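Engineer: Attaching a single structure in structure tokens format; questions to follow.
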Amino acid sequence: MGTKDRYERLREQATASERDSSPQTLLAVVSLAISLLLLAPLVWVFLRAGEIEFARAMELVTSDTTVSVTLNTLALVTGVTVASIFIGVPLAILTAQTDLPFKRFWTITSALPLVVPSYIGAFAFVSAFGPRGVLADLLAPLGIDQIPTIYGLHGAILVLTLFTYPYVFLTTRASLLSFDGTVVEAARTLNHTRWEAFRRVTLPQIAPGIAAGALLVALYALSDFGTPAIMQYDVFTRMIYNEFGARRLDYASVLSMLLLVMALGILAVESRLNAGRDGAYVSSGSRRPGLIRLGYWKVPALLFCGTIASLCLVLPIGILVQWLLRSGTGYSGGGFAFDAAYAWNSVGLAAAAAAICVVAALPIAYLSARGSSGFSSLPERATYVGYAVPGVVLGLALVYLGLRYVPFLYQSVILLVFAYVIRFLPQAVGTTESSILQVDPSYIEAARSLGYHPLSAFRKVVLPLVAPGIAAGAALVFLTTMKELPATLMLRPTGFETFVTYIWLVQGAGYYGQAAVPALVLVGLSGLSMLVILRREDTS
Amino acid sequence: MSRQTRTQQTSDFDDVDAAVANPNRTVLELDGVSKDYGQELAVENLSLDVKDGELLTLLGPSGCGKTTTLRMIAGLERPSGGQISIADEVIADGSSFRKPEERNVGIVFQDYALFPHLTVAENIAFGLTEMDEEAVGERVDELLELVDLSAHHDKMPSQLSGGQQQRVALARSLAPEPDVLLLDEPFSNLDVRLRVEMREEVRKILKRAGVTAISVTHDQEEALSISDRVAIMNDGTIAQIGDPAEVFENPESRFVASFLGQASFLSARVTNDRIETGLGSFDVELLNGPVAAYNGAMVDVLVRPDDLQAMPTNESKADGYVVHRQYNGPSFVYRVELHSGDVVHCMHNHVETFEPGQPVEVDLVADHDLAWYPTE
Amino acid sequence: MSDSNDMTERNSTQSRRRFLALGGATGAAALAGCSSILGGGDGGDGGSGETDTGVGQVSLSDFRGSGPLVAQRDAPGGTSIEELPDLSGELTLYLGGGEGGLYLDLIELLEQRYPDFTANHRLEASGDLANTIIEENEAGASPADVFMSIDAGSLGAVANAGATASLPEEALSTVPEAYQDSEGRWVGIAGRARAIPYNTNEVAESDIPSTVQEFPEAAALENSMGWAPSYGAFQSFVTAMRLIRGDDETMSWLQAMQDHGITTYDDEFRVSNACADGELTAGFANHYYTLRVQSARESSPIGLAFTEGDAGALVNVSGLEIINGTDNADLASNFVRHVLSAEAQEFFATRTFAYPMIPGVAPVGDLPRIDELNPPDINLTELADVAGTVDLLRDAGVL
């Protein structure tokens, strides 16, 4: 009997059964409460925008600058998303389904760029390919004194893509690993070439996985400030930052609203692509497709992996080392001395954010995975909105709301961690949900029939099984929190420094050498958490 | 009464029935139970009772409501109407609903739902929450012995074969001594040979444990071979309930008839004490039950492949032609198109080979009464 | 260590431009934090003999930097911290701007000197902090007692939002009026002059025009200049040009410079380094970057010129203000006076190569004194209109 049938049936059973029990209502209430709490700070944007007269608002929205920035942002988001798919999907296929040599090594190098903060990556690219960068120095003796500029749209797309494509890589790889290989074999026997089989069978099945990663990439590209700023390309975030700096709050809030609208648009597109999403995560067969023999393609494939790893890892690390060597540790005055406490502050904040995110993600992910109504995935969708909010907007919103409504939390670690949860919860929700979808729903029923209350059944049976997914979600939140800058600067307690605020401080003062060591340590620590994410594959 | 004797003969398991104290006590009772999902009616006004130690099978095609019924008994679905009682206690009716964990009902799932992170012993001990550690250990050992898996105490489920996994699932659900054990398509994940073996094995285990059990399947052979009683379901209702042989031989409706075995129908006209068919004229006594009211009317007579025999003959004597041959290994089933237009199936042993197109004479060789239905 | 024998040309000619030819000395910025360098040698009056730098014992030499530019300086004039009341208590200090980190050393020195004094600091981009203070003020009271920022515009924004308290008269009276708010709401603590770093091998001082408007016609500089338009100080310079010349003329100038051929950099330290490397002939940058290049790289062929009376001669300031609603007003006032003390001003001059704000302290090297510069006549608070400048730069295709 068809395994597919069996899963569909199990799923129907699961949804049907929970229709009858109160836990789902409770779950829905809890999830909704969490997502409302997380979205509440965004009300600030609307409050600010609401202060503007309608005619003025229309004028701002339709101004040439707004239109061109909107188009720029669309171009950047589209470019980064498409480019990430073109890098992330081939890498995922190469490492998951071919006889590529040193696959494990390339898997790690392909995932690792996620740990490099994109602003450090952008600095590295400017240092390397900027007007007076390393490349220009190398080419100068050859008589080439003009190289194409790294600044602008293409530079911003390049840098953002190289440091965010791992989202697509990781989700696509997960889909491929849980993918039933027999269907590809079926397609091959139906006279499809490998390529046709991939296009007509594999691709549709892993598409939801690709889309899940692409969603994170698109929203990240929308919310990132550092890279477009360094690459001198005008997008919403850069404009918003400049407008806030100039204290034109009305225009800043209008731009923030447009950004949120674009985020909702991206979510809508992804939801549509993912209409049959569940299938993507649930492995309906245990057979992996046979390895694709690369043959003559081995060399280009290795070159591809090597090039990406060089650009994403060797280059930024090389530039950091160069800073270190060229300028020594630089200025070593008291104000610039690195204090080990900064490292602990970073790790502590990131661990707290990760812990809270996985706890908050559980009900939301569970509801989304097992819920019976269209409403069930609403809280899950809502968490993604927070992910798209630029740190500076979130920072100001929490400054404003914190001061007025929870003054005792203002400039406290609690409010800062709350900001991280708003921004990074969807990463935990995504991995947790995909793990839950892989757990046979009848486990809970079996446990209940053996006398367990639904909650204890969940704790005893589902939780141990989804633990690797939860750990991966925690690791993802951990490493993104470690590198978050704008909200950290605005919301941390006075006198409280972290890795990134320290790097920002010394870099801002021009002491690049001072920034190198903490930046390398930051990348190293985050790299460890990436191993947790990759280990999950071994257990699931 | 000859039928009754045959029933007894099909049951080889009577020796293990002793585990039940009072075989006449009703353990499970469904009274007018319905379940709808909005517009869709899954189960309609279903009533059923199951005696202590009895093994009842709900048999029917996909979507007949059998699984929904099972899940309502388990508490995994809430009935829209009617009442369910276990051991004389109402566990679900219009006003009350007892949760699955409070029902003392065990379930063996189709894919066993063994917890992959726990060992065999831990799986079996999972439901034994109210015993001390020592008692749990003893109970687990007892059950492992019952299902003959003592050697696999510490293995992980993934290290077991399908049949072993099923026995662990059985042991796990039997461990807390449920009032009722539910089996959801218990053999569907096993290969054919193992399936036959496990049917006997499972029945033996259930009988030894003395548990009242309800099984759900769409496999008629399975239903007929393991059950004390079979309930054939169709469209959310019970079409017929009874012991397996009675249901098989006396299907009360064309649906039941065609669902069990390979059924063909022979059109016949009742003329006083004779019936006229495409195979010739027979005594009305051949039919099961009173036919008098249908005198002069058309009826459809149920004939199964083993009731008929085809013999090659020449065109002039033939009742029809062989149109198809189905090879089953030990036997052939030939499809024969009669001159009367009826299509019937005849079973022959594997050495009797006819080619398609062969004119044949078909004999009715049944040594039992034939079921019949008024022509629609 | 302070190998200063090559110090040349302490020429006091008050030319409108200075040629800084320095070399030989190797003192790297890396060593700037070492204490007691002056303690054994050329001590100032306040610090001579005080070689002990234990807690509470901080000498002038600790405030003073080291290296070729700093050697053989006269003792600073002005009010010494010895004459000021002790700092005591906990002060919440908002520090605006990445370079504000340089000021952390000063704060640390003060904390060393006064064991009862702690400055709880918060360092962020100056614009962000200004926004934060304004929001905090609107919501009640800001936790900040003092806002110290590298950018007069952000100080002005906070002042214009009514979020400041009054500064002590003693502090205001020591700083020239051009470098404080006209209403006395903020006061400058260190100055940054716009300047023209140039490569002394490529061009002579006389090749550098004396007004910004002449640059697009300067043949010697065609296709060999650099700027950093995303950099805040450059944007202040453009804002000043808009205030003086209007938007249209500023736009034409920006376009003319692009037609003339100019390369874009991330920041002005890179522009200055590029001039020293000969990659650029000249550039637009704050003056202290050239001094940092000189301090770090011996014999680098870099000189510094200033324009006259126009936006190119803008002197922007780091400054501070006391925040409205502080419950630490006395400490805050006293802190402001400390920052304007002879020692602290010596710190800014020798550690950050900034212009000291009190006349008694000289800038390093051959820099003209602050009162010898010829800055344009503009109100620094008006430099807060960065948004208009960003729009203009964008329209001109520069950003």
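Every residue gets a Cβ built from N, Cα and C, even glycine.
Unlike curated records, TrEMBL annotations are generated automatically.
Pulled the feature table from TrEMBL, pasting it below:
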type	residues	note
DOMAIN	A:70-270	domain 'ABC transmembrane type-1'
DOMAIN	A:343-533	domain 'ABC transmembrane type-1'
TRANSMEM	A:26-47	transmembrane segment
TRANSMEM	A:67-93	transmembrane segment
TRANSMEM	A:105-130	transmembrane segment
TRANSMEM	A:150-170	transmembrane segment
TRANSMEM	A:209-231	transmembrane segment
TRANSMEM	A:251-269	transmembrane segment
TRANSMEM	A:301-324	transmembrane segment
TRANSMEM	A:344-369	transmembrane segment
TRANSMEM	A:381-402	transmembrane segment
TRANSMEM	A:408-425	transmembrane segment
TRANSMEM	A:461-482	transmembrane segment
TRANSMEM	A:511-534	transmembrane segment
Engineer: When only pairs 6 or more apart in sequence are counted, do the transmembrane segment (A:251-269) and the transmembrane segment (A:67-93) reach 3 or more Cβ pairs under 8 Å?
Structural biologist: yes
Engineer: Report the listed stretch (A:150-170, A:344-369, A:408-425, A:461-482) having the maximum count of Cβ pairs within less than 8 Å of the transmembrane segment (A:26-47).
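Structural biologist: Looking at each of A:150-170, A:344-369, A:408-425, A:461-482 in turn, the most contacts to the transmembrane segment (A:26-47) are made by A:344-369.
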Engineer: Need a quick answer: max count of Cβ pairs under 8 Å to the transmembrane segment (A:150-170), which of A:67-93, A:209-231, A:301-324, A:408-425 is it?
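Structural biologist: Answer, by Cβ pair count: A:67-93.
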Engineer: Under 8 Å between C-beta atoms and at least six residues away from its ends: which parts of the chain pack against the transmembrane segment (A:511-534)?
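Structural biologist: For the transmembrane segment (A:511-534), the far contacts come to 107-108, 111-112, 114-117, 120, 170, 316-317, 320-321, 323-324, 326-332, 336, 338, 342-343, 346-347, 471-472, 474-476, 478-479, 482-483, 499-500, 502-503.
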Engineer: Ranking A:67-93, A:301-324, A:344-369, A:408-425, A:461-482 by Cβ pairs under 8 Å to the transmembrane segment (A:209-231), which is first?
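Structural biologist: By Cβ pairs under 8 Å, A:67-93 leads among A:67-93, A:301-324, A:344-369, A:408-425, A:461-482.
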Engineer: Are there at least 3 C-beta pairs under 8 angstroms linking the transmembrane segment (A:344-369) and the transmembrane segment (A:408-425), leaving out pairs fewer than 6 apart in sequence?
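Structural biologist: Result for the transmembrane segment (A:408-425) with the transmembrane segment (A:344-369) is yes.
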Engineer: Considering only Cβ pairs under 8 Å, which range in A:301-324, A:344-369, A:381-402 makes the most contacts with the transmembrane segment (A:461-482)?
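Structural biologist: Out of the listed stretches, A:344-369 contacts the transmembrane segment (A:461-482) most.
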Engineer: Please give the sequence-distant neighbours of the transmembrane segment (A:381-402): residues at least 6 beyond its ends with Cβ less than 8 Å from one of its Cβ atoms.
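Structural biologist: Non-local partners: 35-36, 38-45, 215-216, 219-220, 222-225, 236-237, 240-241, 244, 256, 259-260, 262-264, 266-267, 271, 364, 409-411, 415, 418-419, 422-427, 429, 484-491.
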